[in-house]
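S.K.: Handing you a structure now.
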Amino acid sequence: LQARQQTVSALEDKIADYKRRMADAVSRKKMDTKPTDPTGIEPDDHLKERSSLRYGNVLDVNAIDIEEPSGQTADWYTIGVYVIGFTLPIILKALYMLSTRGRQTVKENKGTRIRFKDDTSFEDINGIRRPKHLYVSMPTAQSTMKAEELTPGRFRTIVCGLFPTQIQVRNIMSPVMGVIGFSFFVKDWADRIREFMEKECPFIKPEVKPGTPAQEAEFLKRNKVYFMQRQDVLDKNHVADIDKLIDYAASGDPTSPDNIESPNAPWVFACAPDRCPPTCIYVAGMAELGAFFSILQDMRNTIMASKTVGTAEEKLKKKSSFYQSYLRRTQSMGIQLDQRIILLYMLEWGKEMVDH
């Protein structure tokens, strides 16, 4: 029955589409037969006299889905499977072109769908080698992206989440991360995060039973314990699609970190993805680490905003865009960020990073 209903609704949609096309064709014919207005006003314009502006492009909104206005969520599983199907060299070279040289690549190819080609990436069809292109769409502000379409932002997000170790080895980094001192920050990550985990956490008030050894009572106040609690919360909030992607990635080469203390953990953000990559969104503290980096980018923009006039506060208002959009995009993937962890990072490393 369901299948029949679907067929019927599909046919109804088709009929409606044909009716619309016929109406368009009829109205177009009418337009063609109308004599042109000597004043240069378009026949269906409601103004009596011509506007001082010339007529611009016709924006076609047929493709826009009004039911989903709040920013599109990507189909991460399909995107992940597509990217994992390529050889590592072409993925990393494309990442280099879209992060280190990103500005230039995007500027030169705006509004088109580009193909990356590399000799390592080919497919055999009946014994004939054919290049296997990696397609990336370079949208303008107006274009609507399909859920499984790769854009520079989505590409950086998925590749950073899948291959942080390879990015670390080759030291591929976004210019903006270089400016906020990322390489200095990750130089001794293992020691840095270990010290952080052993610090006392201001947000925990452990119920220490009388007679508990002092050492254990002290351990219960550490940041590590707060992160364990956060991990429990995250474990209950999984989205099926992202789980599927993580399982698929685990069966291949990818090296996504399973713990914030992994040596490659901060490298997930080396190419400044605009959200937390889906492969490590359920690792306690990872999404918040990305938010910490985006705050640093905003602070750097505030300090560097020499072109804008006004007080530092006004500049801050203008510039807090990275952090806001990072939060919005990451939370659209189905998790809430823990602001307290971001605060812990700021208290621990904020001053050091800004001074650096």
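Any Cβ shown, glycine's included, is placed from N, Cα and C.
Taken from Swiss-Prot, the feature coiled coil covers 1-28. According to Swiss-Prot, the feature compositional bias 'Basic and acidic residues' maps to 26-35. The region 'Disordered' annotation in Swiss-Prot covers 26-46. Residues annotated as region 'Interaction with glycoprotein N' in Swiss-Prot: 37-205. Per Swiss-Prot, the feature region 'Homomultimerization' maps to 57-82. Annotation source Swiss-Prot lists region 'Interaction with host RPS19' at 107-132. Sequence annotations record features per position, and here Swiss-Prot assigns region 'Viral RNA-binding' to 132-174 based on similarity to another entry. For 145-148, the entry in Swiss-Prot reads region 'Interaction with host UBE2I/UBC9', with the evidence type similarity to another entry. For 135-138, the entry in Swiss-Prot reads motif 'YxxL', with the evidence type similarity to another entry. Per Swiss-Prot, site 'Important for the endonuclease activity' is recorded for Asp45, Asp60.
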S.K.: What are the non-local neighbours of Asp45 (site 'Important for the endonuclease activity'), defined as same-chain residues 6+ apart in sequence with CB under 8 A from its CB?
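M.R.: Once residues fewer than 6 apart are set aside, Asp45 (site 'Important for the endonuclease activity') is near nothing.
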S.K.: Is it possible to get the count of other C-beta atoms within 10 angstroms of the C-beta of Asp60 (site 'Important for the endonuclease activity')?
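M.R.: Cβ-Cβ neighbours of Asp60 (site 'Important for the endonuclease activity') within 10 Å number 8.
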S.K.: Sequence-remote contacts (6 or more beyond its ends) of the region 'Viral RNA-binding' (132-174), Cβ cut-off under 8 Å?
M.R.: 59, 63-65, 72-76, 78-80, 82-84, 86, 88, 90-92, 94-96, 98-100, 102, 105-106, 109-117, 121-123, 182-183, 186, 249, 253-257, 263-265, 267-275, 277-280
S.K.: Summarise the model confidence on the region 'Interaction with host RPS19' (107-132) as a single mean pLDDT, whole number.
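M.R.: Here the mean pLDDT over the region 'Interaction with host RPS19' (107-132) amounts to 86.
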S.K.: Check Asp60 (site 'Important for the endonuclease activity') against DSSP and tell me helix, strand or coil, would you?
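M.R.: Once the DSSP labels are grouped into three classes, Asp60 (site 'Important for the endonuclease activity') ends up as coil.
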S.K.: May I have the DSSP-based helix, strand and coil counts for the residues of the motif 'YxxL' (135-138)?
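M.R.: Across the motif 'YxxL' (135-138), the residues distribute as 0 helix, 3 strand, 1 coil.
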S.K.: Kindly report the helix/strand/coil residue split of the region 'Interaction with host UBE2I/UBC9' (145-148) according to DSSP, in that order.
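M.R.: For the region 'Interaction with host UBE2I/UBC9' (145-148), the helix, strand and coil counts are 0 helix, 0 strand, 4 coil.
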